[in-house]
Amino acid sequence: MPELPEVETVRRGLAPAMEGAVIARAEVNRPDLRWPFPDRMAERLTGQRVERLRRRSKYILADLSGGETLLIHLGMSGRMTVSGDPLGQFVHDHPAAQKHDHVVFHMDNGARITFNDPRRFGAMDLMATATADEHKLLMVLGPEPLGNDFHEDYLVAALKGRNTPVKSALLDQGIVAGLGNIYVCEALFRAGVSPRRKAGQIAAARVSALVPIIRQVLSEAIEAGGSSLKDFRQADGELGYFQHSFDVYGREGEPCRRAGCDGTVQRITQSGRSSFYCAQCQR
């Protein structure tokens, strides 16, 4: 599933084509994805100007001129790609329609935005912009890890007394929004913290050190266009490249990359997910 860096990469790729442009026509080719689409979605989107394209956790939010916000979740295999060349901004001609092109936005600037999702775990919804934060998928989210509300004192307080492994705690979207398996594994490696360690038993200084490390890992991943392991593509169809910088994720049995450590990367299962770490230098 795309994590924060992948969703932010897609948002940045869509913004030049969508922000300030009008949805001249919305094409909805099925009644649902993971959940049913909102009533009259195509009609409600047609003629709306995209005032702002933003991200909250793993969701893309398009604030529309009519006072509604379109929520988009990529799910497991969803892709949003831009085609067309209205002002020399977009490098691809419109491709032929594909089997799993479920929603298409035809913008008044000539761009076309296609949502393709073979596994159909993605989602779209419409809500009033004024109360968007109260949407059931958004109201439960913790602070953004790249935002000002995610700081050392906050994380120390959030993890205090928790008996769950720190890996599971950091994946809790109510504690911090947008973190996923890949980037938690990578951040814990850089911090030298074992994913098995109980969150509430980690010294405050080590918890505090996690905050800038998490920010750094996410920022590097965004700069690299995210990580492409199976399905993820950027908005222009290109792969992400951060997978080439993984220290532990997907490297089971390979040598630890930390200078001076002769350990090997191990894989364990936590809450049904694979955790990758070096037991020798992550304590």
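Cβ coordinates are placed from backbone N, Cα and C, and glycine is handled just like the others.
Binding site for DNA per Swiss-Prot: His100, Arg162, plus Arg119 from the candidate set Arg119, Arg190. In this structure, the CA atom of Lys58 (active site, proton donor) is 6 Å away from the CA atom of Glu3 (active site, proton donor). Shown in sequence order, Asn116, Asp117, Pro118, Arg120 are the residues of the chain, 6+ apart in sequence, with a C-beta less than 8 angstroms from the C-beta of His100 (DNA binding site). Reported as a whole number, the C-alpha separation between Arg273 (active site, proton donor) and Glu3 (active site, proton donor) equals 14 Å.
Residue annotation for DNA gives His100, Arg119, Arg162. The furthest Cα pair among them is separated by 42 Å. Annotation for Arg119 (DNA binding site): spatial neighbours Gly75, Met76, Ser77, criterion Cβ-Cβ under 8 Å with sequence separation of six or more.
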